[in-house]
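J.: According to Swiss-Prot, the protein carries these features:
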BINDING   Asp14, His15, Gly16, Lys17, Ser18, Thr19, Asn131, Lys132, Ile133, Asp134  GTP binding site
DOMAIN    2-184  domain 'tr-type G'
Amino acid sequence: MKNIRNFSIIAHIDHGKSTLADRFIQYCGGLDLREMSTQVLDSMDIEKERGITIKAQTAALNYKARDGQVYQLNLIDTPGHVDFSYEVSRSLSACEGALLVVDASQGVEAQTVANCYTAIDLGVEVVPVLNKIDLPAADPERVEQEIEDIIGIDAVGAVQCSAKSGIGVEDVLEEIVAKIPAPTGDENAPLQAVIVDSWFDNYVGVVMLIRVKNGTIKLKDKVRFMSTKAETQVEQLGVFTPKSVQKQELKAGEVGFLITGVKELGQAKVGDTVTLVANPATEPLPGFQEVQSQVFAGLYPVESHDYEALRDALEKLQLNDASLKFEPEVSQALGFGFRCGFLGLLHLEIVQERLEREFDMDLITTAPTVIYEVVLKSGEKIEVENPSKLPDIGSIETILEPIITATILVPQEYVGNVMTLCNQKRGVQVNMQYMGRQVMLTYDLPMNEVVMDFFDKLKSTSRGYASLDYHFKEFQPSDLIKLDIMVNGEKVDALSLIVHRQSAVHRGRELASKMRELIPRQMFDIAVQAAIGSQIIARENVKALRKNVLAKCYGGDITRKKKLLEKQKAGKRRMKQVGNVEIPQSAFLAILQVSDK
């Protein structure tokens, strides 16, 4: 056991985490050159394209160190994006150490800081590594100083490497052996193994990635999941080198995969503890949480007969992504669809893209919303995540909205812009700290302002230099109202929004004018109105297309022309009574782009 090292890599998006992992695998001979694809551990196409890691993957590598001993290095790959922070904390809790990989030209970013604090809280040894030192812009001294100023760990003489060209990779491996402690645990104690990740395989069902903390797990053992109490039998055990290699048993300190008869991902929850039925552990390992959805959106098929196909597709995605929640929903404007819950906006985009790419679906997505707590005058408390489900204004005592604490790291020259943006979004400044060239701003922001377009605006106002990390803080009472959009006097439920009273009128006007551009002109006038309750706050008209009925009249009496124009008017009026308006997909997307300027 003393020769095992379990570690993961913490890094911001694009700081070279997956490339470094590839180099480790190549160096330790886990795959031969023919099998090396770039980013071996990122197995979903979308992970490679966006350059982000979503699911945790592992590799068990044998490394012959300079002291002549062979060490087993278990690399657990972690996601770096803020939406997947729970997965990160699970991956980290399975390790004794973490490599903090920082781009030597860019320096420290907010998500790195957040994940690093998570690691330190979990008592994991953090080893700083400077990557991309072969770039002309690399400035190792400045970045070492930044790591010390911002994160507060000693970074003098941090290992320098370039994962792309392979310089210094061996030094990093030596550093892992030297600095990261060996796992502790008792092979003979009752089994406690934490599920780091789980995914669905078409042939064997659910594959779980486990880290054995105490005890030993063998083939054919009966095991129990402690949070769901489900029991099942071990059918396969093994490790990934990243190819899967079967083993007879896994002992304390090891990381490997476990396949049982479980067919549903919901039973093998990430962070849960596995124990033996015959000799169970008294209590589970700490840190397990049920995943909470933060952002909700409606997904509707463009063709209504694709409804069942969409249900199948969502169920298949759910097999691999336990944090995706969905339930059927009916909208008057869009027909049958699903209300889905996501971890954050990136998660929403990824799910949408996977549905379109892997399952060939054509979708309409409504504007993302968050959960509100509504206290009724009767004293009852309800949760509302869909604006069209908000009860009548008269029966509401207060509406509480979720507030998040956002940590923003930004270079000094952009601080003013970022603070202005946060104030526009009704943010309250909590803290501001200067660290070298960077400034760390802490704000309490309403979540519904963040889901709209905060991230894009933050990037554009800081020329891409600001980075953001956020976590939920609490529900706070707020002056919120429901904004309805009416087309031709009829409410379109899918376009309703919950907004703050201050920005309602402005938001309504902007939406109405945007809708006017997007709704195709019909044979009759269409009125687009924004309303709060029964009060109309904005109106735009989509002008009718009309034929020139006077084209055939040359000269002659004015009454003839009047008669033709009146006849045309009467026809348009009749049309308007029976006509209905198709609202294009672009109009639903417009809501997302309407900004609070």
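Heads up, the Cβ atoms here are built off N, Cα and C, so glycines get one too.
I'm curious about the neighbourhood of these features; can you describe it?
T.: Spatially close to Gly16 (GTP binding site) yet at least six residues away along the chain are Val101, Asp103, Asn131, Lys132, Ala163, Lys164, judged by Cβ distances under 8 angstroms. Taken residue by residue with DSSP, Gly16 (GTP binding site) is part of neither helix nor strand, so it is coil.
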J.: Identify which of the binding-site residues Ser18, Asn131 has its Cβ surrounded by the largest number of other Cβ atoms within 10 Å, counting every protein chain shown.
T.: Asn131
J.: In sequence order, what residues of the same chain, 6+ apart, have a Cβ less than 8 Å from the Cβ of Ile133 (GTP binding site)?
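T.: In sequence order, the residues whose Cβ lies under 8 Å from that of Ile133 (GTP binding site) (at least 6 apart) are Ala104, Pro140, Gln160, Cys161, Ser162, Ile167, Gly168.
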J.: Please state whether DSSP places Ile133 (GTP binding site) in a helix, a strand or coil.
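T.: Reduced to three states, the DSSP call for Ile133 (GTP binding site) is coil.
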